[in-house]
Amino acid sequence: MAALQQQSAIKGAKVLMVGAGGIGCELLKTLALSGFEDIHIIDMDTIEVSNLNRQFLFRRSHVGQSKAKVARDAVLRFRPNINIRSYHANVKNPEFDVDFFKQFDVVLNGLDNLDARRHVNRLCLAAEVPLVESGTTGFLGQVTVHIKGKTECYECQTKPAPKTYPVCTITSTPTKFVHCIVWAKDLLFAKLFGDKNQDNDLNVRSNNSASSSKETEDVFERSEDEDIEQYGRKIYDHVFGSNIEAALSNEETWKNRKRPRPIYSKDVLPESLDQQNGSTQNCSVTDGDSVVSAMPSLGLKNPQELWGLTQNSLVFIEALKLFFAKRKKEIGHLTFDKDDQLAVEFVTAAANIRAESFEIPLHSLFEAKGIAGNIVHAVATTNAIIAGLIVIEAIKVLKKDEDKYRMTYCLEHPSRKMLLMPIEPYEPNPACYVCSETPLGLEINTRKSKLRDLVDRIVKAKLGMNLPLIMHGASLLYEVGDDLDDIMVANYNANLEKVLSELPSPIVNGSILTVEDLQQELSCKINVKHREEFDEEKEPEGMVLSGWTPSPATNGESASTSNNEIPVDVTESSSGSETASKKRRLSEIEPCNHKKETENVESEDDDIMEIENPMIVSKKIRVE
């Protein structure tokens, strides 16, 4: 009887899958083989060569095609009698609104970024459709169930912010290889190949400010008749030699630090590279696709090999030459891309040369790419396990077996002899501004900050609203939409450039704003508090948002280890007290004694995870 009930629930279900990547391919296959007959897939991505080692519905001939469409066609070959509809589109597009979501019995997420996850969470809340969320990072993974009013929503727990580093550390006193990577890709690569008008000063200045901005701009300016190799050596000598010497002139900086060593090209490279194999006429051909690369012409084949200073210097010059010889039209518009082979080679070489100067251990191309691209390499088996768990939870949702819902974590090492750790889900967090409509607090200088700052840095960047509407009392200060006439658009654009306290309805200390997103059908209140000064290092945005669904962990620690909320280890707690004042059904998550520095990393399935302090899940309900 139970089996018949389950089959009936499966066959009558209309399912929406969001994401057709590493998890998505496994999920679609498992849904089809489990008897689901009406499946819709949304994915905006196309297939890349790097996807083929784990996204098994795709083949080399599919490279460049829509993931959603190819996945659909592949599954229909062995399940031809089911209905699968694919959408090669962004789930944030207007056509995928609340009414669209209402037609489904359950939504299954296999997404690759926090922004899209939040958007789907809000649409599911508005449509009152159950959501099964998932994520993988290497050997770790998790599946969670989110049902409006019964379990926490995806945003009930705060997600740790990506690790950031002070500019002075990056430019002047790096101590870790990641500092060198950030310098190489966000400063040097951007300066050489990106927008020439951006504010990007690569000088490590001494207190006497010996070098001027004009000097720096002259160094990076290449004259039309300047030989590419000469230009490359000039850049090399400036950033690894002259800048280091300028930094050394400030004795105070190095009193308690290791002094870096200036490196010049003449000390590392031969006078002419003509004798080397480095020729801009040679480009690699990888996997049948022409890829401009510095490695083949230098006899370098293994990306996991550790290059010495000379090899890194050769790659630096050769990669720079290839950019100007083979990709000159792109220069001025490039941004670093982890899938751009030549960009990865250049950044790896530059980071290693800088690391050598500061006596930081060097890294291979493979390792450097992982750091620069925030990659944790995917494990296909983890994707398959997580896909199976998604389907199990989806079936429970369809059968309305509420007592059997589980948040299941896939662990790298056994805990209590288990690699899969199922735990009961949280109830909704009453402090969540998304599902509980709790007001937020905003500290801001209302006499200096503009409405544009509020919209860009808070409403869009932090609250994740796509089509925001901002009201102060009965006054509509800002709105986005296709149905606005020219006069309204002009008025709202004019408001964006006004200081908050000078708006038609002034925003001052004590003001209460109503912020809505009509597409997400989300509304929240923001209580404004005027504040004169902000710490430029700790509060660079000049505003502080509070009330972001406080974490249940103690001492202000985040209860989630990642965007995907994966605890690294799960053990039993030896102490704790229960309280009836809280209705959370899962124990609090406590940090271990040992700590890791927060770092933003991304799986090759592009499932983002922010590794923070490893957490322990205790079995008992504890005081929060």
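The backbone N, Cα and C atoms fix where each Cβ goes, and this holds for glycine too.
Taken from TrEMBL, the feature domain 'THIF-type NAD/FAD binding fold' covers 5-432. Summarising the annotation, TrEMBL assigns ATP binding site to 19-24, Asp43, 51-54, Lys67, 112-117. Under the heading Zn(2+) binding site, TrEMBL lists Cys153, Cys156, Cys432, Cys435. Summarising the annotation, TrEMBL assigns active site, glycyl thioester intermediate to Cys168. Annotation comment: TrEMBL describes 200-224, 532-610 as region 'Disordered'. Summarising the annotation, TrEMBL assigns domain 'Ubiquitin-activating enzyme SCCH' to 326-369. Among the features that TrEMBL reports, domain 'Ubiquitin/SUMO-activating enzyme ubiquitin-like' is placed at 442-534. Residues annotated as compositional bias 'Basic and acidic residues' in TrEMBL: 586-599. Among the features that TrEMBL reports, compositional bias 'Acidic residues' is placed at 600-610.
Shown here: features listed in TrEMBL, placed on the structure.
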residue: Gly19; record: ATP binding site; contacts (Cβ under 8 Å, 6+ apart): Ile42, Asp43, Asn109, Gly110, Leu111, Asp112
residue: Asn53; record: ATP binding site; contacts (Cβ under 8 Å, 6+ apart): Ala380
residue: Cys153; record: Zn(2+) binding site; contacts (Cβ under 8 Å, 6+ apart): Asn121, Leu125, His146, Pro428, Cys432, Val434, Cys435
residue: Cys168; record: active site, glycyl thioester intermediate; contacts (Cβ under 8 Å, 6+ apart): none
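The list of residues near the domain 'Ubiquitin-activating enzyme SCCH' (326-369) in space but at least 6 beyond its ends in sequence, with Cβ under 8 angstroms from a Cβ of it, reads 48, 50, 174-177, 179-181, 183-186, 188-190, 192-196, 236, 239-240, 244, 258, 260-263, 280, 283-284, 286, 291-295, 303-309, 312-313, 315-316, 319-320, 375.
In this structure, Cys432 is the one among the binding-site residues Cys156, Cys432 with the smallest number of other Cβ atoms inside 10 Å of its Cβ.
For Asp43 (ATP binding site), the count of additional Cβ atoms within 10 Å of its Cβ stands at 26 [all protein chains shown]. All protein chains shown were included, and the count of other CB atoms within 10 Å of the CB of Cys435 (Zn(2+) binding site) stands at 23.
Its Cβ taken as reference, Asp112 (ATP binding site) is surrounded by 20 other Cβ atoms within 10 Å in the chains shown. Counting only the Cα atoms, the space from Asp115 (ATP binding site) to Cys156 (Zn(2+) binding site) is about 15 angstrom.
Rounded to the nearest whole angstrom, the C-alpha distance between Gly22 (ATP binding site) and Cys156 (Zn(2+) binding site) is 26. Residues of the domain 'Ubiquitin-activating enzyme SCCH' (326-369) grouped by DSSP class, helix first, strand second and coil last, total 26 helix, 0 strand, 18 coil. A mean pLDDT of 93 is what the model gives for the domain 'Ubiquitin-activating enzyme SCCH' (326-369).
Each residue of the domain 'Ubiquitin/SUMO-activating enzyme ubiquitin-like' (442-534) gets a DSSP state, and the totals for helix, strand and coil are 24 helix, 30 strand, 39 coil.
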